[in-house]
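Pulled from Swiss-Prot, these are the features on record:
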ACT_SITE  232  active site, charge relay system
ACT_SITE  326  active site, charge relay system
ACT_SITE  360  active site, charge relay system
C-alpha cells in the first residue's frame with residue numbers, strides 16, 4: 001500500500017489552529033523524514049524537517065511519535081511549523097496580506113539520510129488568516145489609518161484596538177486571527193503608513209483617542225467601552241491610552257515598558273518625555289547581533305520619573321505577558337514596577353504571566369519564534385532572545401490567556417483558564 005499523508009483539518013484551516021499530521025501505509029518501524037516549507041509574500045523560503053520512525057502498525061502519528069532529530073527533537077506535534085527557519089538568515093516570518101493564506105508544503109521521504117531519500121507522499125495545508133465569514137474593512141476615518149476585522153454574524157461584538165511596536169506600519173495578522181474568536185479588532189497604524197509620519201519623533205495621544213471614538217461609534221462594536229492589546233512600543237502606548245482616555249475597559253500588554261519610550265508623548269497641554277536611552281550601551285552578541293537590553297535607563301531613577309506612564313490613573317484591569325528572556329528590554333522588571341505602583345495606589349493587582357526562555361517577539365501560535373531579525377526601521381540585525389521550543393509553547397499559552405482575559409472583561413465570562421506554564 002502506498003504511503004499517504006493525513007492532515008486534520010484536511011486541506012486548509014486557520015493559522016492559529018493546530019494541525020494533526022499522520023502518515024499511513026508505511027512499513028513497520030520504517031524510518032522516514034518529514035519536511036515542511038512555505039514562501040512568504042516576498043518569496044522568502046522557510047523550511048523545517050524532522051526524522052521519525054513508523055510504529056509496528058505501519059503508521060506514524062505526530063501526536064504520539066517523538067521526532068528523533070532534525071530541526072527539533074521530542075514530542076512536538078506542531079514542530080514542523082514552529083521550527084520553520086528562513087533559507088536566508090535574519091528574515092522574520094510575518095503575514096503582510098491577511099486576505100491570502102500561507103501554503104505549507106509537506107513531504108514524506110524514505111530514510112534518515114542526510115541526502116533526501118525517495119519521496120513517498122506529499123500534501124499541502126493552506127493556513128488562512130481570515131476565518132470563514134470574518135470581514136476586513138479598511139479604515140480611513142479622519143486621521144485614523146487602520147484595518148477593522150469583524151466576526152461573522154450581525155453583532156455587535158466586543159471591541160479591541162491592536163498596536164504593534166516600532167518596526168512596522170500597519171500590521172494586521174494578529175488582529176485578523178483574533179477576530180476569528182468573536183472580537184471586533186482594529187489593527188491601528190501610527191507611523192510609516194500612507195500619510196502618517198515616517199518616523200516616531202513625536203506621538204500625539206489625540207490620534208489614538210480618535211481611534212477609540214471610531215470604535216465606540218461603530219455599529220458593529222459593542223459599547224460602552226473597548227479593550228487594548230499592545231506589543232513592545234505599542235504596549236506603552238496602550239498604557240498611556242488606558243491612563244488618560246475614556247472608554248477603555250481592559251488592557252493586555254506583551255513585553256511592554258512602564259515608561260513612555262522612543263518619542264515624547266503629547267496630550268492636550270501635557271508632554272511625557274521619552275525614557276532616557278544610551279545607544280552607546282548597545283551590545284553585540286557573539287553572532288554579531290545587536291541587543292538593546294542595557295540601553296534603557298531605569299525608569300525608577302529620579303531623572304526618569306516624568307517618563308513613567310501614570311498607570312495608577314487607569315480604571316481597568318491589566319494583563320502583562322512577559323518573556324523572561326526578552327533581550328530588547330527588561331519586561332519582567334517593568335511588569336513588577338507596574339504591579340507595585342498599582343497596588344501602592346489601592347488598585348487591583350495586575351495579572352502577570354511570565355514565560356521562561358521566551359524572548360521579545362511573542363506572536364500568535366505556530367509562528368516560528370523570531371530570535372533575531374533585521375529591524376524594519378533600524379535596518380540592523382537585532383537579537384530578541386528566546387529558546388525556540390519554549391518560546392513556541394509560550395505563544396500557544398499566551399494566545400489562550402489573552403482571549404480568556406478579553407472574554408472575561410468584555411463579555412463578563414468569569415471562567416479563567418490558568419496558564420499551563
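We number each residue from 1, going along the chain as drawn.
Yeah, the Cβs are placed from backbone N, Cα and C, and that goes for glycine too.
The two recorded residues residue 360 (active site, charge relay system) and residue 232 (active site, charge relay system) have their Cα atoms spaced 8 Å from each other. Note on residue 326 (active site, charge relay system): other Cβ atoms within 10 Å of its Cβ, all shown chains, come to 25. Over all protein chains present, the Cβ of residue 360 (active site, charge relay system) has 27 other Cβ atoms lying within 10 Å. Cβ neighbours of residue 232 (active site, charge relay system) (same chain, under 8 Å, six or more residues apart in sequence): 164, 165, 166, 254, 255, 256, 328, 360.
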